[in-house]
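Novice: My questions all concern the structure below.
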Amino acid sequence: MNNKKLKSKFIFITGGVVSSLGKGITAASIGNILKNRGFKVSIQKLDPYINIDPGTMSPYQHGEVFVTNDGAETDLDLGHYERFLDENMSKSSNITAGQIYQSVINKEREGKYLGKTVQVIPHITEEIKKKIIKAAIVHQSDIVIVEIGGTVGDIESAPFLEAIRQFRYEVGYHNVLYLHTTLVPYLKKAQEIKTKPTQHSVKELRALGIQPQILVLRSEISINKEIKNKIASLCDINPQAIFEALDVDILYQIILNLFEQRIDHFILNHFQLPNNIQIDLKDWRSLINCIQNLKEKVVIGLVGKYVILHDAYLSIVESLKHAAYYYNSDIEIKWIDSEKLNSTNVKTLLNDCDGILVPHGFGPRAIEGKILAIQYAREQKIPFFGICFGMQLAVVEYARNVLFLDGANSTEIDEKTPHPVITKKIKNSNLGGTLRLGSYRCCLQKNSKSEAIYQQTTIYERHRHRFEMNPSYVSLFEKNNDFLVSGFNPEKNLAEIIELKNHPWFMAVQFHPEFLSRPLKPHPLFKSFVEAALLKNGKNIKKSKLS
């Protein structure tokens, strides 16, 4: 590995004791603080699973697939990274074991190892290190934060941990920092904090040759100085380098909690970087203050097929929250399983919703429930927002119930439909890598609701779809002067946005606007949708101080 020209610093974040400790949130929070200190920060996630990417994984297994501008299908943690940092990630920001092994095997087939026996060490570990270096170069980062997926001790993580162990030796002590997150359980019955799991986790990490310089302790109660000193002594760590990550009601509070513990000072001192810029994170303080003092409440019905696992729609939920906070409003997501929605209960389930959102999805299961929800929103004049598959089904619903095209459908659902209003252009037997992915241009119709919302005529949005509105049906839809294709991609002439002129707020988009929404910069479509939902029942529209 050639590191002579490498100027980036690297923070490697590992986790111990249990999974789902919040390593991604810790990484994003530290990144936010360091960015506010004036450094160019990027974050990378190393996932130890053998899948090439999460694109073909079940939402029930993995949650949301987050799509980057350059078309990578990635872990949902990248959504946290982008929202906390307000920086775009890339394909180099999420590396899986599958990608690493595929790359090494391809090189072996091409003869690039000159007949050597290909092994985990050095070939797999070298490939991992190259991917880390590439992320630093692609993003031109001063500081790269690298989150290692999984838990220390998992067999899948072993090559990644060995690679980051070697990394410090090759780039230098003051260019690498190891941060370990662990759970510190609190036994309520005994009213006692237990440190043994943390001790064992650090011991296991040290046995792999990695001595963490920072510990971040996840706990439901504050950890006193005596406990921290005990952990420091037994884990051979500076007591000043032990920080706590308390359970919080507001996710963004973690940024302030770590900042107030001065974690950035310890990091910058270790890296021997300038540490004289004073910051106060006032925008984030204002956001948290706003969330703690919300005046109104809006109810959004989210009609989906994966609602059992809310993480399947994580970015949509966060985007709705961003927009609601912009209007000084709390938000209640009413989770509605489209498989259980039918003509006898649709009114009961949707009547109290201020707005209805039908999100993405794949396959024929539970689509009729979604179509019923769309019809109800259209006929009852309830603000409606369709995203990706939600747009496609809005087209199907309109074709069936307004244009009376009997049997109209998507060819994804019915290949023999007499009216294929939604079709697929790319035909491939494999599911992986065949989607239209990444950021594409969309031109907006002048004097349309879309143009009014965006306040511009050309936008770029991220996509993840295989099917699209059939161009040969567009003129038929627009004949009745209600249905409007208000956004289209000029390169492929694809319908990107539809809206109904005679409805208070009925819009559906082929792209995924939720991937571009930020806590301090809500996406314009979500803002407009939430505003319409608030207005539906005459609720007070008052922008927060964030606007």
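In case you wondered, yes, glycine gets a Cβ from its N, Cα and C as well.
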Novice: Which of these, Lys225, Lys228, Lys230, does Swiss-Prot say binds UTP at the same site as Ser19, Lys194, Thr195, Lys196, Pro197, Thr198, Gln199?
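Specialist: Between Lys225, Lys228, Lys230, Swiss-Prot records just one in the UTP site with Ser19, Lys194, Thr195, Lys196, Pro197, Thr198, Gln199, namely Lys230.
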Novice: Of Gly31, Gly361, Gly438, which one shares the L-glutamine site with Tyr60, Phe389, Gly390, Met391, Gln392, Glu412, Arg466 in Swiss-Prot?
Specialist: Gly361
Novice: Given that Swiss-Prot annotates Ser20, Leu21, Gly22, Lys23, Gly24, Ile25 as ATP-binding, name the residue from Asp77, Asp86, Asp142 that shares the site.
Specialist: Asp77
Novice: Here's one to test understanding: among the binding-site residues Ser19, Ile155, Gln199, Met391, whose C-alpha is closest in space to the C-alpha of Asp77 (Mg(2+) binding site)?
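Specialist: For Asp77 (Mg(2+) binding site), the closest Cα among Ser19, Ile155, Gln199, Met391 is found at Ser19.
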Novice: Let me spell it out: for each of the binding-site residues (Thr198, Gln199, Gln392), count the other Cβ atoms within 10 Å of that residue's Cβ, using every protein chain shown. Which one has the most?
Specialist: Gln392
Novice: Roughly how many angstrom lie between the C-alpha atoms of Ser19 (UTP binding site) and Glu412 (L-glutamine binding site)?
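Specialist: If we compare the Cα positions of Ser19 (UTP binding site) and Glu412 (L-glutamine binding site), the gap is 36 Å.
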Novice: Could you check which of the recorded positions Ile155, Phe389, Gly390, Arg466, His512 is the closest Cα neighbour of Lys230 (UTP binding site)?
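Specialist: The answer is Ile155.
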Novice: Round to a whole number and give the Cα-to-Cα distance in Å for the pair Lys194 (UTP binding site) and Gln392 (L-glutamine binding site).
Specialist: 52
Novice: Per DSSP, to which secondary structure element type does Glu147 (Mg(2+) binding site) belong, with helix, strand and coil as the options?
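Specialist: Glu147 (Mg(2+) binding site) sits in a strand per DSSP.
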Novice: So what sits near Pro197 (UTP binding site) in its own chain, CB-to-CB under 8 Å and at least six residues off in sequence?
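Specialist: Result: Gly16, Val17, Thr182, Leu183, Val184, Pro185.
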Novice: Give the sequence-ordered list of residues that share a chain with Met391 (L-glutamine binding site), lie 6 or more positions from it, and have CB atoms under 8 Å from its CB.
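Specialist: The answer is Met469, Ile497, Ile498, Ala508, Val509, Gln510.
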